[in-house]
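S.K.: First the structure, which I've put down as structure tokens, then a few questions once you've had a look.
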Amino acid sequence: MSRWEGSRDFSRGKRNDSQRDGTSNFGHATPARGATNTSVFVPSTDCGKIIGKKGSKIRELQDTTGARIQVSRDDEADGTRKVLISGSPEAVEEAYNLIQRLAGFGGSLCKAQETDGVEDGLWNESHVGSVQNHSNDDDDIWNEAPVQTTTFTNSSRRHRFDQGDGGGHNNSGNSNWRRDENGEDQETDIVQVRSIDVGRIIGRGGSKIRELQEESNASIKVAKEENESGYVDVTISGTKDQIRLAKRLLFGCGITFTGGNDEDPEAWKFAVRSGEEVKPRPLIDWQALIKQQKEYDKNCLAALPAIVKEFYIETDHIRNMHPGEVSRLRSQKNNIIVDVEDTSVKIPNPVVTFEDAFAHYPEILREIEKQKFTEPSPIQAQAWPVLLSGLDLIGIAQTGTGKTLAFLLPALVHIDGQSVPRTSRTGPTVLVLCPTRELAQQIEKEVNKINYKGIKSVCVYGGGNRRDQIKVVTKGVEIVVATPGRLNDLIMNNIIDVKTVTYLVLDEADRMLDLGFEPEIRKILLDIRPDRQTVMTSATWPPDVQRLADKYMNKPVHVFVGTLDLAAVHSVTQKIVFVAEEDKKDKLFQFLEDMKSDDKVIIFVGKKIVADDISSDLAMKGIECQCIHGDREQCDREQALDEFKRSVVRILVATDVASRGLDVKDITHVLNFDFPRNIEEYVHRVGRTGRAGRCGNSVTFMTRNDWRSAQSLIDIMAEANQVVPEELLEMAERYKHHQEKRAAEGYGGKDRGRGFDAGYSFGGGRGRQKRDLDSFW
Ligand SMILES: Nc1ncnc2c1ncn2[C@@H]1O[C@H](COP(=O)(O)OP(=O)(O)OP(=O)(O)O)[C@@H](O)[C@H]1O
């Protein structure tokens, strides 16, 4: 028996179960003519990736694509589950691609079938209507999120009614009747409704039609096709009274219809049921409302001062560079790859010197000089001309390669160059969103290092003193560096007005999504004017961030430095140590004993409790260390980091709250005591050393439970020209065989033992990881 996750039975008790089982449960497709159904099979253990927490993912997929997506509740014999995607061919294709891009599926999806039209479906089980902001927390209806408003096309095809009605009466006639088990005459009446009203009859997830059926006790079915006049047949079956009641109820919902068996159609319209007059509700013209909203947004935007974005004055020698020279320069600069989807966007040439970018901003040049940098880093060389030209930018470059200044210096120029005087602005001009408190603080420090025209900033993060932050904000700042949670809090309390933001940075966006902050980010982005300049930076570029970028950026220029694949910084020597779980601590102590006096190490662990445990073990041994994780008080975390930075202690034990962005220059070693939960985090952890052109070392403990990660680790090590240990190769090989064996035994899904998949996983992998979340609030 095949059941669909979240699908509901909207029919009344009279339905024929045997007909529904296994076949007609597919009936939830978008009922537009030319609609397509595609079934794909995914490992049942991976269904969570598609569904997401409480259906959040599937809702989002549906919202994004307009397709309807259903996941079967039942496993196929090979351990897979069927996922039915229905909708317009474009929507289905997009949904299919997105599902495929979801971590772990990497092309392994099996596309089973594509059929035109609606498969075995009942409209009264489909989702029509354009209900937005679906916020149902009911676990059971996660895949009943609405799809786009259904549009009907003219069709001369006969109407089909796919669901049998137990009694086997003929639906096609207007006056068929039979007798039910109580001896009452059963009739069938067919009325015609306007196709635009179909969604309102059915309701979200069939809720309305179910309600109508329950109240009237009649069976109500909506045809799939409209007739040539744009009307759709609605078949109502039951006793005379039930049918009349059903019609009254329909009318009460504001649905007007024609046809039917009533001798006097007006008779029922104003009939009173239980002494209560049933009045039609006013119709909501959604199209008009949407148009109105668009108009309103346009007017709002027109009322705002225009954003000045172009500040770049290209020097002659950069402008006149021969294309060959540009290519050579890009490949010299650690292989800069530039790309833009819209070919009308002209990508400026990379700069060679700081003067090339900032000759017209001498104060900035002076600040750079103070920091004693000799030349722009590769990401800076390409990002500065792009950003100073007012273009959106996606900057992906390895850890520790100067991404902060890449977005920051153009931001300073942007702030100063706006037409509205700084003193007259009611909110910040630049917003930098980042995932962790530590990263936010660090970016703010970078901002404060550069003294440019008195531009002020504030760091807004949970755990910090809210009142102090508010005080600074209300005094007026040009730059807000924030974590999403606290920022939302301040926006909602009207303390920060982000409507004035014209330059937005999403730093380490993948980590923010990873930690589930997409809703906050989306909410914040809604408040920021859409014609802003947007920058996204990270060292890794997983599909989820790509999706966010597609939605919220305007023709962004992609600047990748190094490789498009996930890659660790090349200045770090990566070493793998194979160890049994129970021997890890001994190995760690041995490592620490061998440390030289000027070595500095950050030890990454998977859990807060392990961080505490190791710290106290070290303290017992008289080894000084500091510890940072989400359960520690903010002041303790700040003190820990500060002591580590100042080398008061040379050992920092940390969870992944410290894996991103932390810039402590003299870290010589990263020790991965626990293998990270996803491979991006490995790259970021390793990148805490070997920064800004220095060399570093990483040591990673691997246990047999980490075998899933072996292949992705091999790829990263090979890319960075590291010696890949034989044992790691064997481990990867063993895992591959294990998977093949499982597949042959009929366990189609991936093994979900401990460890994580190399891909971007949402189910058993990082999506459900026990997150060290409090650092984000
Ligand atoms: N042009 C430059 N030359 C030398 N050092 C630089 C240059 N630009 C920035 N730096 C320094 O490099 C270090 C790392 O920079 P930053 O923190 O911006 O790296 P990142 O690319 O953001 O790394 P991560 O991905 O880990 O966050 C900082 O200490 C910064 O001061």
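Just so it is clear, glycine is given a Cβ too, placed from its N, Cα and C backbone atoms.
Features from TrEMBL:
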type	residues	note
COMPBIAS	1-20	compositional bias 'Basic and acidic residues'
REGION	1-40	region 'Disordered'
REGION	153-189	region 'Disordered'
DOMAIN	353-381	domain 'DEAD-box RNA helicase Q'
MOTIF	353-381	motif 'Q motif'
DOMAIN	384-559	domain 'Helicase ATP-binding'
DOMAIN	587-732	domain 'Helicase C-terminal'
S.K.: Return the average pLDDT for the domain 'Helicase ATP-binding' (384-559) as a whole number.
M.R.: 88
S.K.: Please work out the helix, strand and coil residue numbers for the domain 'DEAD-box RNA helicase Q' (353-381) from the DSSP assignment.
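M.R.: Helix, strand and coil residues of the domain 'DEAD-box RNA helicase Q' (353-381) number 18 helix, 0 strand, 11 coil.
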S.K.: What are the DSSP helix/strand/coil residue counts across the domain 'Helicase C-terminal' (587-732)?
M.R.: 67 helix, 22 strand, 57 coil
